[in-house]
Amino acid sequence: MLLGVNIDHIATVRNARGTTYPSPVEAALVAETHGADLITMHLREDRRHIKDADVFAVKNAIRTRLNLEMALTEEMLENALKVMPEDVCIVPEKRQEITTEGGLDVLAQQEKIAGFTKILTDAGIRVSLFIDADDRQIQAARDVGAPVVELHTGAYADARSHAEQIRQFERIQNGAHFAGDLGLVVNAGHGLTIHNVTPIAQILAIRELNIGHSLIAQALFLGLPEAVRQMKEAMFRARLLP
(Lines of atoms letter the chains of each structure in order from A and count residues from 1; the text may use other names and numbers.)
(Lines give C-alpha, C1' and ligand atoms only; values in the text may rest on other atoms or scores of the structure.)
Protein backbone atom coordinates (compact mmCIF):
# COMPACT_ATOMS: atom_id res chain seq x y z
CA MET A 1 0.00 0.00 0.00
CA LEU A 2 1.26 3.45 -0.93
CA LEU A 3 1.39 6.52 1.31
CA GLY A 4 0.84 9.96 -0.12
CA VAL A 5 1.95 12.66 2.31
CA ASN A 6 -0.05 15.86 2.00
CA ILE A 7 2.15 18.85 2.87
CA ASP A 8 -0.52 21.58 2.74
CA HIS A 9 -0.24 22.40 6.42
CA ILE A 10 3.49 22.97 6.26
CA ALA A 11 2.45 25.94 4.13
CA THR A 12 -0.28 26.82 6.65
CA VAL A 13 2.36 27.26 9.37
CA ARG A 14 4.57 29.29 7.03
CA ASN A 15 1.73 31.57 5.96
CA ALA A 16 0.64 32.21 9.55
CA ARG A 17 3.63 34.53 9.92
CA GLY A 18 4.22 35.42 6.28
CA THR A 19 7.71 33.93 6.38
CA THR A 20 9.62 31.72 3.96
CA TYR A 21 9.76 28.81 6.41
CA PRO A 22 8.93 26.02 6.99
CA SER A 23 9.60 25.05 3.39
CA PRO A 24 7.12 22.78 1.60
CA VAL A 25 9.99 21.62 -0.60
CA GLU A 26 12.07 20.57 2.40
CA ALA A 27 9.05 18.84 3.91
CA ALA A 28 8.43 16.94 0.69
CA LEU A 29 12.02 15.76 0.50
CA VAL A 30 12.05 14.68 4.15
CA ALA A 31 8.77 12.82 3.69
CA GLU A 32 10.14 11.02 0.63
CA THR A 33 13.32 10.03 2.44
CA HIS A 34 11.36 8.48 5.29
CA GLY A 35 8.75 6.49 3.41
CA ALA A 36 6.36 8.66 1.41
CA ASP A 37 5.58 7.12 -1.97
CA LEU A 38 4.22 10.37 -3.36
CA ILE A 39 3.61 13.98 -2.34
CA THR A 40 0.12 15.47 -2.36
CA MET A 41 -0.65 19.20 -2.52
CA HIS A 42 -3.97 21.05 -2.81
CA LEU A 43 -3.71 24.32 -4.69
CA ARG A 44 -6.93 25.96 -3.56
CA GLU A 45 -8.56 28.82 -5.43
CA ASP A 46 -8.00 31.16 -2.46
CA ARG A 47 -4.35 30.03 -2.05
CA ARG A 48 -4.90 29.74 1.72
CA HIS A 49 -1.91 27.42 2.16
CA ILE A 50 -0.11 26.12 -0.94
CA LYS A 51 0.91 28.82 -3.44
CA ASP A 52 1.52 28.43 -7.16
CA ALA A 53 5.28 28.69 -6.70
CA ASP A 54 5.20 25.88 -4.13
CA VAL A 55 3.71 23.46 -6.63
CA PHE A 56 6.36 24.16 -9.27
CA ALA A 57 9.17 24.00 -6.71
CA VAL A 58 8.03 20.69 -5.23
CA LYS A 59 7.42 19.15 -8.66
CA ASN A 60 10.98 20.03 -9.67
CA ALA A 61 12.53 18.77 -6.43
CA ILE A 62 10.91 15.44 -5.62
CA ARG A 63 12.01 12.03 -6.86
CA THR A 64 8.68 10.24 -6.45
CA ARG A 65 5.52 11.72 -7.95
CA LEU A 66 3.27 14.70 -7.39
CA ASN A 67 -0.45 14.36 -6.80
CA LEU A 68 -2.04 17.78 -7.35
CA GLU A 69 -5.48 18.28 -5.83
CA MET A 70 -7.52 20.94 -7.62
CA ALA A 71 -11.01 22.28 -8.13
CA LEU A 72 -12.95 21.85 -11.35
CA THR A 73 -12.10 25.28 -12.78
CA GLU A 74 -10.45 26.52 -15.96
CA GLU A 75 -7.79 28.32 -13.93
CA MET A 76 -6.79 25.12 -12.15
CA LEU A 77 -6.82 23.16 -15.40
CA GLU A 78 -4.39 25.67 -16.90
CA ASN A 79 -2.17 25.42 -13.82
CA ALA A 80 -2.11 21.63 -13.98
CA LEU A 81 -1.06 21.71 -17.63
CA LYS A 82 1.80 24.05 -16.72
CA VAL A 83 2.99 22.02 -13.73
CA MET A 84 2.46 18.60 -15.35
CA PRO A 85 2.12 16.53 -12.17
CA GLU A 86 1.96 12.78 -12.53
CA ASP A 87 -1.52 12.79 -10.99
CA VAL A 88 -4.36 15.26 -10.63
CA CYS A 89 -7.16 14.65 -8.14
CA ILE A 90 -10.24 16.75 -8.85
CA VAL A 91 -11.95 17.76 -5.62
CA PRO A 92 -15.01 19.84 -4.69
CA GLU A 93 -14.16 23.20 -3.22
CA LYS A 94 -16.03 25.90 -1.31
CA ARG A 95 -14.27 29.08 -0.27
CA GLN A 96 -15.92 29.18 3.17
CA GLU A 97 -15.05 25.60 4.16
CA ILE A 98 -12.22 24.84 6.58
CA THR A 99 -11.38 21.65 4.71
CA THR A 100 -12.98 19.60 1.95
CA GLU A 101 -16.42 18.70 3.29
CA GLY A 102 -17.58 15.96 0.93
CA GLY A 103 -17.00 14.16 -2.31
CA LEU A 104 -17.26 15.55 -5.81
CA ASP A 105 -20.74 15.24 -7.33
CA VAL A 106 -19.76 13.56 -10.57
CA LEU A 107 -23.36 12.80 -11.54
CA ALA A 108 -24.25 16.49 -11.60
CA GLN A 109 -21.20 17.53 -13.66
CA GLN A 110 -20.50 14.60 -15.94
CA GLU A 111 -19.96 16.56 -19.14
CA LYS A 112 -17.54 19.06 -17.59
CA ILE A 113 -15.62 16.40 -15.67
CA ALA A 114 -15.36 14.24 -18.78
CA GLY A 115 -13.93 17.20 -20.68
CA PHE A 116 -11.33 17.96 -18.01
CA THR A 117 -10.45 14.28 -17.74
CA LYS A 118 -9.82 13.97 -21.47
CA ILE A 119 -7.65 17.09 -21.61
CA LEU A 120 -5.53 15.98 -18.66
CA THR A 121 -5.30 12.38 -19.86
CA ASP A 122 -4.24 13.49 -23.34
CA ALA A 123 -1.48 15.53 -21.67
CA GLY A 124 -0.20 12.40 -19.90
CA ILE A 125 -1.63 13.23 -16.48
CA ARG A 126 -3.55 10.53 -14.62
CA VAL A 127 -6.89 11.76 -13.28
CA SER A 128 -8.46 10.83 -9.96
CA LEU A 129 -11.86 11.94 -8.69
CA PHE A 130 -12.36 12.52 -4.96
CA ILE A 131 -15.79 11.06 -4.29
CA ASP A 132 -17.96 9.57 -1.58
CA ALA A 133 -18.20 5.78 -1.48
CA ASP A 134 -21.48 5.80 -3.36
CA ASP A 135 -22.05 3.29 -6.16
CA ARG A 136 -23.72 5.88 -8.40
CA GLN A 137 -20.81 8.29 -8.08
CA ILE A 138 -18.29 5.50 -8.60
CA GLN A 139 -20.08 4.36 -11.76
CA ALA A 140 -20.23 7.97 -12.97
CA ALA A 141 -16.48 8.32 -12.38
CA ARG A 142 -15.87 5.36 -14.65
CA ASP A 143 -18.33 6.70 -17.23
CA VAL A 144 -16.47 10.03 -17.53
CA GLY A 145 -13.20 8.21 -18.15
CA ALA A 146 -11.37 8.70 -14.86
CA PRO A 147 -9.02 5.75 -14.21
CA VAL A 148 -8.75 6.43 -10.47
CA VAL A 149 -11.13 7.28 -7.63
CA GLU A 150 -10.17 8.50 -4.18
CA LEU A 151 -12.82 7.54 -1.64
CA HIS A 152 -13.63 10.18 0.96
CA THR A 153 -12.96 8.76 4.44
CA GLY A 154 -14.07 11.85 6.37
CA ALA A 155 -17.38 10.45 7.65
CA TYR A 156 -15.53 7.36 8.91
CA ALA A 157 -12.86 9.47 10.61
CA ASP A 158 -15.41 11.83 12.19
CA ALA A 159 -17.85 9.15 13.40
CA ARG A 160 -18.95 9.82 16.98
CA SER A 161 -19.87 6.26 17.86
CA HIS A 162 -18.39 2.86 17.22
CA ALA A 163 -21.56 1.77 15.44
CA GLU A 164 -21.41 4.77 13.10
CA GLN A 165 -17.73 4.18 12.41
CA ILE A 166 -18.45 0.56 11.49
CA ARG A 167 -21.27 1.67 9.19
CA GLN A 168 -19.01 4.16 7.44
CA PHE A 169 -16.20 1.62 7.22
CA GLU A 170 -18.49 -0.90 5.54
CA ARG A 171 -19.61 1.76 3.10
CA ILE A 172 -15.99 2.48 2.15
CA GLN A 173 -15.14 -1.21 1.94
CA ASN A 174 -18.12 -1.94 -0.32
CA GLY A 175 -17.35 1.10 -2.46
CA ALA A 176 -13.72 0.08 -2.85
CA HIS A 177 -14.69 -3.40 -3.99
CA PHE A 178 -17.31 -2.03 -6.39
CA ALA A 179 -14.79 0.40 -7.90
CA GLY A 180 -12.19 -2.33 -8.19
CA ASP A 181 -14.68 -4.59 -9.96
CA LEU A 182 -15.24 -1.78 -12.48
CA GLY A 183 -11.51 -1.73 -13.20
CA LEU A 184 -10.80 1.50 -11.34
CA VAL A 185 -7.72 2.12 -9.24
CA VAL A 186 -8.89 2.91 -5.71
CA ASN A 187 -7.27 5.38 -3.33
CA ALA A 188 -8.67 6.84 -0.11
CA GLY A 189 -8.12 9.69 2.29
CA HIS A 190 -9.37 12.51 4.50
CA GLY A 191 -9.25 12.62 8.28
CA LEU A 192 -7.11 9.52 8.64
CA THR A 193 -4.82 9.31 11.68
CA ILE A 194 -2.43 6.81 13.21
CA HIS A 195 -5.35 5.75 15.44
CA ASN A 196 -7.98 5.05 12.78
CA VAL A 197 -5.96 4.09 9.71
CA THR A 198 -5.70 0.34 10.36
CA PRO A 199 -9.20 -0.78 9.24
CA ILE A 200 -8.98 1.32 6.07
CA ALA A 201 -5.48 0.04 5.30
CA GLN A 202 -6.80 -3.52 5.63
CA ILE A 203 -9.09 -3.05 2.62
CA LEU A 204 -7.04 -4.79 -0.06
CA ALA A 205 -8.90 -3.07 -2.88
CA ILE A 206 -7.41 0.27 -1.78
CA ARG A 207 -4.00 0.94 -3.28
CA GLU A 208 -3.03 4.32 -1.80
CA LEU A 209 -3.84 6.52 1.19
CA ASN A 210 -3.34 10.28 1.17
CA ILE A 211 -2.79 11.67 4.66
CA GLY A 212 -1.78 15.17 5.71
CA HIS A 213 -3.21 17.05 8.68
CA SER A 214 -2.69 14.33 11.29
CA LEU A 215 0.83 13.63 10.03
CA ILE A 216 1.85 17.27 10.31
CA ALA A 217 0.24 17.44 13.77
CA GLN A 218 2.21 14.37 14.89
CA ALA A 219 5.35 15.88 13.41
CA LEU A 220 5.13 18.75 15.92
CA PHE A 221 5.89 16.23 18.68
CA LEU A 222 7.76 13.44 16.92
CA GLY A 223 9.41 15.16 13.99
CA LEU A 224 8.29 14.64 10.40
CA PRO A 225 10.59 11.66 9.71
CA GLU A 226 9.19 9.69 12.65
CA ALA A 227 5.59 10.69 11.93
CA VAL A 228 5.89 9.43 8.36
CA ARG A 229 7.71 6.28 9.47
CA GLN A 230 5.05 5.42 12.05
CA MET A 231 2.20 5.93 9.59
CA LYS A 232 3.90 3.80 6.96
CA GLU A 233 4.52 1.08 9.54
CA ALA A 234 0.88 1.17 10.70
CA MET A 235 -0.28 0.73 7.10
CA PHE A 236 2.18 -2.13 6.54
CA ARG A 237 1.11 -3.92 9.71
CA ALA A 238 -2.55 -3.52 8.77
CA ARG A 239 -1.92 -5.44 5.57
CA LEU A 240 -0.52 -8.34 7.60
CA LEU A 241 -3.57 -8.67 9.83
CA PRO A 242 -6.06 -11.45 9.02
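Heads up, the Cβ atoms here are built off N, Cα and C, so glycines get one too.
Sequence annotations record features per position, and here Swiss-Prot assigns 3-amino-2-oxopropyl phosphate binding site to N6, R17, G191, G212, H213 based on sequence analysis. The secondary structure of H213 (3-amino-2-oxopropyl phosphate binding site), as reduced to three states from DSSP, is helical.
The 1-deoxy-D-xylulose 5-phosphate binding site annotation in Swiss-Prot covers D8, H9, R44, H49, T99. Other Cβ atoms within 10 Å of the Cβ of H9 (1-deoxy-D-xylulose 5-phosphate binding site) number 21 in total over all chains.
Residues or ranges marked as active site, proton acceptor by Swiss-Prot: H42 (among others).
Residues near E69 (active site, proton acceptor) in space but far in sequence (CB under 8 A, at least 6 apart, same chain), listed by position: T40, M41, H42, L43, V88, C89, I90, V91, F130. According to Swiss-Prot, the active site, proton acceptor annotation covers E69 (among others).
Annotation source Swiss-Prot lists site 'Transition state stabilizer' at E150. Non-local neighbourhood of E150 (site 'Transition state stabilizer'): C89, S128, L129, F130, I131, V186, N187, A188, G189, N210, each in the same chain, at least six residues away, with C-beta under 8 Å from its C-beta.
According to its DSSP assignment, H190 (active site, proton donor) is coil. Residues or ranges marked as active site, proton donor by Swiss-Prot: H190.
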